[in-house]
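Feature list (source: TrEMBL):
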DOMAIN    1-470  domain 'Major facilitator superfamily (MFS) profile'
TRANSMEM  36-55  transmembrane segment
TRANSMEM  67-87  transmembrane segment
TRANSMEM  93-117  transmembrane segment
TRANSMEM  129-153  transmembrane segment
TRANSMEM  159-176  transmembrane segment
TRANSMEM  196-217  transmembrane segment
TRANSMEM  266-294  transmembrane segment
TRANSMEM  306-326  transmembrane segment
TRANSMEM  338-356  transmembrane segment
TRANSMEM  362-380  transmembrane segment
TRANSMEM  412-430  transmembrane segment
TRANSMEM  507-528  transmembrane segment
Amino acid sequence: MGVLLATIDSSIMLIAMPDIFRGIKLDPLLPENSFYLLWMILGYLVTSSVLVVSVGRLGDLFGRVRMYNLGFVIYTFASLMLTIDWMTGHAGAIWLLAWRIVQGIGGAFLVGNSGAILTDAFPARQRGLALGINNVAGISGTFIGLVLGGLLAPVSWRLVFLISVPFGILGAVWAYRRLHDLSARSGEPIDWLGNVTFAVGLILVMIGITHGIQPYGGHTMGWTSPVVLGSLSAGVVLLIAFGIIETRVRYPMFRLPLFKIRAFTFGTLSTFLSALGRGGLMFILIIWLQGIWLPLHGYDFEETPLWAGIYMLPLTVGFLLAGPLSGYLSDRFGARPFATSGMLAAALTFVLLEMLPIDFPYPAFAAILLLNGLAMGCFASPNRAAVMNSLPAGHRGAGGGMNSTFQNSAQVFSIGIFFTLMITGLAAALPGTLTSGLEAHHVPAAAAQAVADSPPVSVLFAAFLGYNPMQHLLGDNVISQLPPADSAALTGNTFFPNLISGPFEQGLHIAFGFAIAACLIAAGASAFRGSRYVADLEPPVLTHNKN
């Protein structure tokens with residue numbers, strides 16, 4: 001339940017964002033508000049990425065079930081505080097962002113300890129199935145969040161957060177009464193210096209990535225801005241310092257000797273690469289559906305967030321079918337054949353997505369999403385079980401947290417990479433296409449040029465948020481002065497999708513090409529993991545630093 005709740009909240013905001021910003025009376029597409037938009041989406045994930053190793057280590061030290069229960073308490077309290085936001089404008093956005101980060105802390109406690117608790121509770125021959133079900137809960141939560149956000153947010157944006165409160169209370173009571181610690185606790189001290197350098201370094205890198213996709217100084221992206229360059233440089237320096245610290249302290253936060261375990265090293269590398277290949281996929285598919293396909297098929301822009309979640313359900317169904325089954329089979333035959341073939345199949349699905357026309361037949365799209373879900377389920381459950389099986393019992397919290405950190409960080413990196421590649425593809429053709437299309441409908445040249453000069457990310461986010469892009473970008477003042485026929489055409493369901501289809505398709509090809517490469521490399525890493533390895537049944541390889 002903990003993983004399900006945590007992942008629901010990682011995605012529910014994606015669909016509910018338009019109603020949330022309308023509720024607090026803030027336009028997220030204005031340049032001065034883009035910070036709130038990006039960090040409302042990514043703040044939860046960034047927080048979880050930064051803390052999941054630390055809270056996994058706390059579970060090793062003070063009890064995994066205790067830390068898991070604490071996660072429910074933090075998560076539920078933060079959800080309640082998000083619900084009662086009474087402010088509007090910047091103050092309301094800051095309140096939501098702050099408590100969203102606290103909610104991410106609770107999510108880190110849940111995700112960071114769940115895998116270790118299951119590994120402790122089940123023998124090696126059953127862990128694949130148990131962790132497969134846990135992974136299914138996580139992936140299912142991602143897509144349940146999309147649908148819930150679309151259903152609840154139009155009624156009231158507060159319901160998006162309130163829905164978590166009763167389930168959080170139920171989870172806390174159940175965990176307190178039913179779960180018991182089975183692991184031996186360690187008396188080792190916490191590596192405070194390592195924790196701080198890692199957290200600050202990773203946060204700075206992620207700040208740099210999220211600001212890199214925003215425009216700067218007349219450029220379509222901000223990779224040359226001082227904030228981005230400074231954040232990335234300082235973050236990398238701190239992460240290098242973190243690596244040096246971890247080799248010298250006696251009880252490090254990041255147990256580097258774990259990388260001596262082949263199954264752990266290549267399993268974690270596969271995790272990172274698979275998340276890098278698929279992390280931005282959801283955003284790209286949502287924009288494709290909301291900005292182009294759904295409007296072309298008669299859905300109003302305001303309705304597209306809900307329907308995008310519904311039309312992406314085949315992805316969840318595929319994972320639900322493959323996750324537990326592949327986990328069960330990996331208990332008998334090992335992870336390598338399933339995880340490797342899963343990544344190869346995932347690469348194939350991206351090839352098939354590249355071959356689809358922009359205005360695709362939905363049965364073909366649904367079949368590819370189903371295959372992608374099957375492929376990801378075939379990879380994720382066996383791979384996670386193999387990673388957890390490879391860890392000595394006293395280091396499952398920290399090791400599982402390390403694996404989750406690589407996964408969550410890769411998802412943030414992937415979003416930055418996918419958006420950068422999409423914007424690169426859009427930037428060449430979009431301005432000219434916008435100018436000619438708008439002037440053909442008698443939009444004044446100055447207004448048409450102003451829209452054409454808008455950063456491509458603004459166009460993408462307008463579609464992502466379920467806004468009517470032309471109405472939002474042109475504004476009521478310009479639209480009201482146009483002939484009724486032109487005004488109706490510009491704000492109708494077909495003008496924007498037809499206008500952006502060509503440039504968007506160019507960006508799609510670049511982004512899917514990257515995803516194919518990442519999945520193929522992940523398959524190669526998975527193939528190198530070696531034969532089945534269970535730490536409980538093998539001689540220990542982990543030693544402490546001598547300093």
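Here, residue 1 is simply the first one shown, and the rest follow in order.
Cβ from N, Cα, C; glycine included.
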Establish whether the number of Cβ pairs under 8 Å between the transmembrane segment (159-176) and the transmembrane segment (412-430) reaches at least three, counting only pairs separated by 6 or more residues.
-> no
Would you kindly check 36-55, 93-117, 129-153, 196-217, 507-528 and say which stretch has the most C-beta pairs under 8 angstroms to the transmembrane segment (338-356)?
-> 507-528
Counting Cβ pairs under 8 Å that are 6 or more apart in sequence, does the total for the transmembrane segment (266-294) and the transmembrane segment (306-326) reach three or more?
-> yes
Is the count of Cβ pairs under 8 Å between the transmembrane segment (129-153) and the transmembrane segment (507-528), pairs 6 or more apart in sequence, 3 or more?
-> no
